[in-house]
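First comes the structure, then the notes that go with it.
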Amino acid sequence: MFEKTTWIKLPRNVVVGHGVVEELREAVDELPVTGRPLIVTSPTPDDMVGDSIRAQFADAEPITVTVETASFAAVERVIDTARAEGAGYLLGVGGGKPVDIAKMASDHLGMGFVSVPTAASHDGIVSGRGSVPEGDTRHSVAADPPLAVIADTEVLANAPWELTTAGCADIISNYTAVKDWRLAKRLKNVEFSEYSAALSEMTAEMLVDSADSIKPGLEESAWIVVKALVSSGVAMSIASSSRPASGAEHLFSHQLDRIAPGAALHGHQVGVGSIMTAYLHGGKDGEWHDIRRALTSIDAPTTADELGIDGETVIEALTTAHRIRDRYTILGDGMSESAAREVASVTGVI
Ligand SMILES: NC(=O)C1=CN([C@@H]2O[C@H](COP(=O)(O)OP(=O)(O)OC[C@H]3O[C@@H](n4cnc5c(N)ncnc54)[C@H](OP(=O)(O)O)[C@@H]3O)[C@@H](O)[C@H]2O)C=CC1
Ligand SMILES: O=C(CO)COP(=O)(O)O
Ligand SMILES: [Zn+2]
């Protein structure tokens, strides 16, 4: 008897467009949620759209929790507040940090949540995964995805340009994430989904093909990037894993977050990581040239200098990235220092 069961959890409504944050209440009223909303946000997004959102929900007495760092402690603070204040559902408003925290808290509480991204900075704003550092490791935890995503292209287009280029680079890194996934399938027989891998690769390809239309301040750019982030989030939902969008380049980035916290944005770090892991997969004449060209075309960093880190930090992150989690990638059981220096210098990263 065939006994496999797959649960593919996806957002129910994705609303992308000019001024849609003003329609948040209307969108929420369509969802199976009731009671007081708990707004999980961070300082800048709160300044930008917090008052408008609170005004829309004034009759439901909204509560606001502002988080400054992504941590399990912040998730617990949100859970405690939701319980103490009798919240009925959560609204994650901001970049990846508050959206991730709202996602994990709502999953724990068994409540729905809505994602209201103010930055198109990575695909966590739509996915059913939370990514949280703890000590020397980085957890990629399953959590129910948002019931709805309300992405206001006016807000996203007015966000700092580098947040959008970070989102693009996170998508471009899908190329190497899928290479690592295929490798792990071949060598370790890990669970693999052709549908998910194909969707992830196609999403990266379509974004690169649209690179000429992705420009600062253009709402159409925000629209293109959000669509790509949604598509990548769906690929992760199909796989029930971040594998289609997170390989060795993500391990490298997560390690940078530990060694040089706050130095650069997640998407920018994975982009630079992707140049180097593409080299490891394909050698000197391989696809790393295409990845670097694609990153350059959307103004994303391609060197350690542009990330604001030094060469030695790159080497340390490369040689220790395999320890971040039990996920087989092209890094195998670790790179030697000389091999790390070689890949970083041949690709022009250092
Ligand atoms: N679930 C997943 O799959 C993934 C989750 N992540 C997690 O997401 C986080 C990183 O996401 P990221 O979006 O870069 O981080 P943040 O949410 O910290 O946002 C980055 C910066 O942009 C600011 N910001 C947000 N929106 C705007 C805006 N419209 N205008 C001006 N500034 C704005 C934030 O302000 P402020 O300082 O006030 O917050 C912050 O300084 C990490 O916690 C990471 O672990 C990363 C990748 C994938
Ligand atoms: O950033 C991600 C996909 O872009 C996922 O990251 P994790 O693998 O840490 O969950
Ligand atoms: Zn990512």
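The backbone N, Cα and C atoms fix where each Cβ goes, glycine too.
Just so you know, TrEMBL annotations are computer predictions that nobody has curated.
What TrEMBL records for G96, K97, P98, V99, D100, T118, A119, A120, S121, S127 is NAD(+) binding site. Marked as glycerol binding site by TrEMBL: D123, D170, H250, H266. The feature substrate binding site is assigned by TrEMBL to D123, D170, H254. Summarising the annotation, TrEMBL assigns Zn(2+) binding site to D170, H250, H266.
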Distance [Cα-Cα, Å, rounded] between A119 (NAD(+) binding site) and H266 (glycerol binding site): 12
Please list, in sequence order, the residues in the chain of D100 (NAD(+) binding site) that are at least six apart in sequence and whose C-beta is under 8 Å away from its C-beta. A70, G92, G124, G130, S131, V132
In whole Å, note down how far the CA of S121 (NAD(+) binding site) lies from the CA of D170 (glycerol binding site). 8
What binding-site residues in the list P98, D123, H266 lie within 10 angstroms of H254 (substrate binding site), counting C-alpha atoms? H266
Test of understanding: give the count of other CB atoms lying within 10 angstroms of the CB of H266 (glycerol binding site). 24
Same-chain neighbours of the glycerol site, Cβ within 8 Å of the mean position of the Cβ atoms of D123, D170, H250, H266 and not counting those residues, run in sequence order as H122, G124, A169, S173, A245, S246, S253, G267, V270
Going through the binding-site residues G96, P98, H254 in sequence order, which have a CB under 6 Å from an atom of ligand 3? none
Cβ neighbour count within 10 Å, max among the binding-site residues D123, D170, goes to D170
So if I take the binding-site residues (D100, A119, D170, H250, H254, H266) and measure from each Cβ to the nearest atom of ligand 1, which come out below 6 Å? D100, A119, H266
Can you go through the binding-site residues P98, S121, D170 and pick out those with a C-beta less than 6 angstroms from ligand 2? D170
With DSSP assignments reduced to helix, strand and coil, which class does A119 (NAD(+) binding site) get? coil
The rounded CA-CA distance in Å from G96 (NAD(+) binding site) to D123 (glycerol binding site) is 8
Whose Cβ, among the binding-site residues G96, P98, has more other Cβ atoms within 10 Å than any of the rest? P98
H250 (glycerol binding site) and S121 (NAD(+) binding site), Cα-Cα, nearest whole angstrom: 14
Measuring Cα to Cα, how many angstrom lie between H266 (glycerol binding site) and P98 (NAD(+) binding site)? 15
